[in-house]
Each structure stands twice: as C-alpha cells, then as structure tokens.
Amino acid sequence: SDVPDVPPPTDSTPEILKRALSGLSARWKNWWIRGILTLAMISVFFLIIYLGSFMLMLLVLSIQVKCYHEIITIGYRVYHSYDLPWFRSLSWYFLLCVNYFFYGETVADYFATFVQRREQLQFLIRYHRFISFALYLTGFCMFVLSLVKKHYRLQFYMFAWTHVTLLITVTQSHLVIQNLFEGMIWFLVPISSVICNDITAYIFGFFFGRTPLIKLSPKKTWEGFIGGFFSTVVFGFIFSYFLAQHQYFVCPVEYNSETNRFVTECEPSELFQMKKYSVPPLLQAVLGWETVNMYPFQMHSIALSTFASLIGPFGGFFASGFKRAFKIKDFADTIPGHGGIMDRFDCQYLMATFVHVYITSFIRGPSPSKLLKQLLILQPEQQLSVYKSLKSHLVEKGILQPSLRG
C-alpha cells in the first residue's frame, strides 16, 4: 500500500524577516532567507571553532541527536495512528546504547592515561563492550516483548527504520569525531568543502542553471553542479594553505591528563611542511613558473574537494529520494529557508566516511603516542617484558650497543 502522507512542517521564518522581504518574488525571497541564515550559521560555526575541539565534539553530538530526531519523527508521523507500543521510547534507548558504545571506544582509545588514574572508569572501560552488548540486548528483549499480533510486520518495519537511522547518524558522527582527533584540519577542510559546494552550486544554479541534473532533485542543474565543482576545488586548495600554517589546526587533538584539557601542540608532520614542487611542462607555459612552493596537504585537499563536489551531492540526492518516498519537502522546519538539520547535513555524513577511509588508507601510520598510552596501561611485569623485547630488537639492529645496561 502507499505510504501515508506526512503533515508538512510549518513555516518557521521569523516575522521580521517576512515583513522585510514581503515585496520580493518567492524566488528572490527564498534567496535572501537562505543567504542570511547561511551567513548566520557560518558565523556560529567559526565561533565554535574558536572555542576549541571539545565544543566541536559537542556540536557534532548535538547535530547527530537532532538528525536522528528528525528521521525518527517522520516514522512516528507516518505510523503514529497505529499506536505502536514503546516505539519512541525504544528508538531513543537504542540511540543511547549505540552512543555509549562508540563514545566509550573513543574514551578507551584516546584517554587511556586519564582512565588509568580513576578506578571507577577502569571497570567501565575494561568491560565496556560487554556492558554495551548487555544494554543492547535489554532493548532487543523489550522490543520482542512489545510485539502485538496485528502489527507484527509494521513493528519490524520500524525496528529496521530505527537501526538504519542509527547507521546513518551515529556511525557517521563517530567517524567525524575520529577525523577531528587526527587534526582539526581533517575536520574543517572536508566540512567546509561540502558547505562551499552547497553554496556555490546553489549560486551557479540560481543565476545560470538551465539543464536539469537529476529527476530526484528538479532544482539541481548541470551548471550548478559543474560550477560548484571548480569553485570547491579552488576553495579547498586555498583554505588548506591557510590552515596548514597553524599548529592549532594541523596537530592531532590529544588529551593532557595533567592539565585536564585538550591540546593541539606538536611538531607538524611532513604533510604540513612547505615543499618545492616542479610545475608540469604543460602548465609552465600558462603560469610562467617552473616550481611552486606548497604544502603536501594541499594535494590531498584536491581529493577531498573533488569527493565533496562530485560524490558528496549524492548524499543529498539520496535524501531527496527519501523525502519523495514519504511525500515531504523537508525533514523539519528548524532552519528557515533550509529545512531541517538533516537537510543541511545529508552530504556531510557521506563525506565523513570518505575522509576516515582516506586517512586510514593513505595518511595514517603507526602512532608512537597511542602506543605509549597503551604501554602505560599494562602491568609493570608486562611493561618490563616489552622493554626487554624492544631492547633486544634494537641491539640486533645495531642501534644500541650490546653492553648498554637498561
């Protein structure tokens, strides 16, 4: 049977903005509303960046919860008339369980020395996965007990709905935070590239758009798609150049257990040290340069920007298809002119996965700091055994003299 209609969200545009734009056509009114709210959101985003890594993590968590709420609410609106027992309660319970699992893994991975000093946390971390599984099993059993004979199929639909929503929101937001720990630049460049592509594609499409791009999104045009691509690659390249100059953005985010603060201090890796590159002969004739100085990360920024502008929009197309399936225009009416939070971050989640895979495949190597944290957790006898094995290995390599006493 057809999916029931979802009541459309109400218009949340502030009255003062409505009155100021009352003389404009609907097309230009939407342009100004989107533009003003976009600048406001970017300003808030810069403020949060200034406040530091911890505030960025809270922002990611807040966005995750709101996106989850918007998707779950659609399911509730569609099927609320069936009075499914415990649906909303179990949905939020599963969100709590999955966040407990992922953030517990993050604490165990990045805050090992902090945990080692607190006995209460040691128990939670040691049995973290068992506790997480027990919590999930509790929710699973509650779902089975809630099954009603006349609604079996519908209840399993909603059970699947909840788990797919968890996969889309919680897993991806966890990857965003993992990327952030690699260095704020791995968080800012991808996210800013998606934002830049969204803005520039809209601008190019608004002024020059003539050729429809995809049926799922009738307003998307080839002109906007192509204009957004070139603009995003240029933006990512320039933006990376400015960020790569500052330790605050390039150093991995680490927790200092002595000061109880997140720190971003390090000797920048080779990715963020200026190097001289030879310009290809074909471009030498155009640019008039034989060599150019740039940061190696800028080359990686081209890959990130390319994905953000060519593949990232498919996250938006997926969301458009989802909304069409349920006959709704937006996920919610949280942001006037933009829709819900999920409407703004549908491409970001796809980008988060790509960046994480990109880092693990092409960038990340063995981490001495992480290894040291893990060694500090071991028992003294285990630490001594590791020390003797490492010493023996270094002697065999000729790095240490055999007579050297430890």
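From the backbone N, Cα and C atoms, a Cβ is placed for every residue, glycine too.
Bear in mind that the values here come from a model prediction, so they are computed numbers and not experimental data.
Per TrEMBL, these features apply:
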TRANSMEM  31-63  transmembrane segment
TRANSMEM  84-103  transmembrane segment
TRANSMEM  123-145  transmembrane segment
TRANSMEM  157-177  transmembrane segment
TRANSMEM  183-209  transmembrane segment
TRANSMEM  221-244  transmembrane segment
TRANSMEM  297-319  transmembrane segment
Best-contacting stretch, by C-beta pairs under 8 Å, relative to the transmembrane segment (183-209) and drawn from 31-63, 123-145, 157-177, 221-244, 297-319: 221-244
Recorded stretch, among 31-63, 84-103, 157-177, 221-244, 297-319, maximising Cβ pairs under 8 Å relative to the transmembrane segment (123-145): 84-103
Range from 31-63, 84-103, 221-244, 297-319 with the greatest count of C-beta pairs under 8 A to the transmembrane segment (157-177): 84-103
Tertiary contacts of the transmembrane segment (221-244) (same chain, 6+ residues out, Cβ under 8 Å): 184-185, 188-189, 192-193, 196-198, 200-206, 208-213, 250, 271-272, 294-295, 297-298, 300-302, 304-306, 308-310, 313
Outside the transmembrane segment (297-319), six or more residues from its ends: residues with CB under 8 Å to it: 185, 189-190, 193-194, 196-197, 201, 214, 216-217, 220, 225, 228-229, 232-233, 235-237, 239-241, 244, 250, 271-272, 331, 342-343, 346-351, 354-355, 358, 362-363
